[in-house]
Amino acid sequence: MKHKLHFKADRDFVRMLIVTIIIFAAMTAMRPNLFLKTANFVSMGYQLPELGLYSLAFMVVLITGQFNLSIVATGNLCCITGMMVMHQAVEKNLTGGAAWGYIFLGCLAAIAVGLVCGWINGFVVTYFNVPAMLVTMSTTAIFTGIAIIITQGKAMAGVPDELVYFGNHTLLGIPYALWLLIAVFALTAVLINRTSFGFKLKFVGSNLKASHYTGININKIRIRAYVYSGLISALCAIEILAHTNAAKADYAESYVGQAILCSVLGATSPNGGYVRMACMALSMLSLQFLSSGFTMLRLGGYFKEFAWGILLIAVLSFNFISQELRRRKSIQAVAKARVGQKS
């Protein structure tokens, strides 16, 4: 069994590595003078954290066999909450330690909202036994509605310069935002691959009935997955505040589709129970290469939405066909073995 799992993991990694190389080569061939510029890679370093963090937020719940379509709505509500607190420092013309005090309180407020939003999703899905897709679609509307009521549909702007600095500068040549993504990615990888929580996440996603018999508290695990997803969305919201110095109720709604695509492309099983973090990293890079390439080709946002949809269908179809072929091969192998035993 272990050999089969290792083989599957290696196969997924090689496949994702090939896809990443092909996309990188294609974008380079189309715009060699632009794509390979240092400025382009720095720009991608600022853009990747948003896609990466939202993808991780979606992936954590997907491991349990559930969905969280409210990741962006949660992030936007966290963004607005944090902005409301931090903007007071701007209104009072505070700097230095006083400004950092408001930044700290704003970050705490954003994180608290993210945790509550995640808990609401997990509680309703778990204890009311409502399909996760319906619940998170509903909470998306609720969270977005609350954000619109607070902002009256307008964009909010103005956080302390101390925070904006971290959203638009680098450390050792790497944007601070990218360091945040690396830290959250590493923490998530450790939680999933090196802790009992991660083992239970995958076990619940792979075999729900067996989880009941082993004594795993399935409700608790699922709620924790949603809460952790909300936490990551909140961290993404803080990064967005730092980078854009703004908050809006409907900011970056397209990230939901990209997060789904990134998770599925990154070898996370849509049925739950399996994830390959190395593939997730390559998947994030691949989609960022594509997004930057589309921008250089001057393809609009609507084309990007179309492309993400086509890619998602293609990946899901490929995975389904691959699984079906493997299933048929295993059936044929069992049938041949039985014939051999009879003879």
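For all residues, glycine too, the Cβ spot is worked out from N, Cα and C.
Heads up, TrEMBL stuff is auto-annotated, nobody curated it.
Summarising the annotation, TrEMBL assigns transmembrane segment to 12-32, 44-62, 69-87, 99-120, 132-151, 171-192, 225-243, 306-322.
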I need to check the long-range neighbours of the transmembrane segment (12-32): which residues 6 or more away from its ends have a CB within less than 8 Å of a CB in the stretch?
265-267, 276, 278-279, 282-283, 285-286, 289-290, 292-293, 296-297
Using a Cβ cut-off under 8 Å, which residues of the same chain at least 6 positions beyond either end of the transmembrane segment (132-151) come close to it?
61, 66-70, 72-74, 76-77, 80, 84, 117, 120-121, 124-125, 247-250
Interface present between the transmembrane segment (171-192) and the transmembrane segment (44-62) (three or more C-beta pairs under 8 A):
yes
Looking at the transmembrane segment (171-192) and the transmembrane segment (225-243), are there 3+ C-beta pairs under 8 A, with each pair at least 6 apart in sequence?
yes
Which residues, given as numbers and ranges, are at least 6 beyond the ends of the transmembrane segment (69-87) yet have a Cβ under 8 Å from it?
54, 57-58, 102-103, 105-107, 109-111, 113-114, 117-118, 121, 133, 136-137, 139-141, 143-144, 146-147, 150-151, 156, 158-160, 163, 229-230, 232-234, 236-238, 240-241, 246-253, 255-256, 259
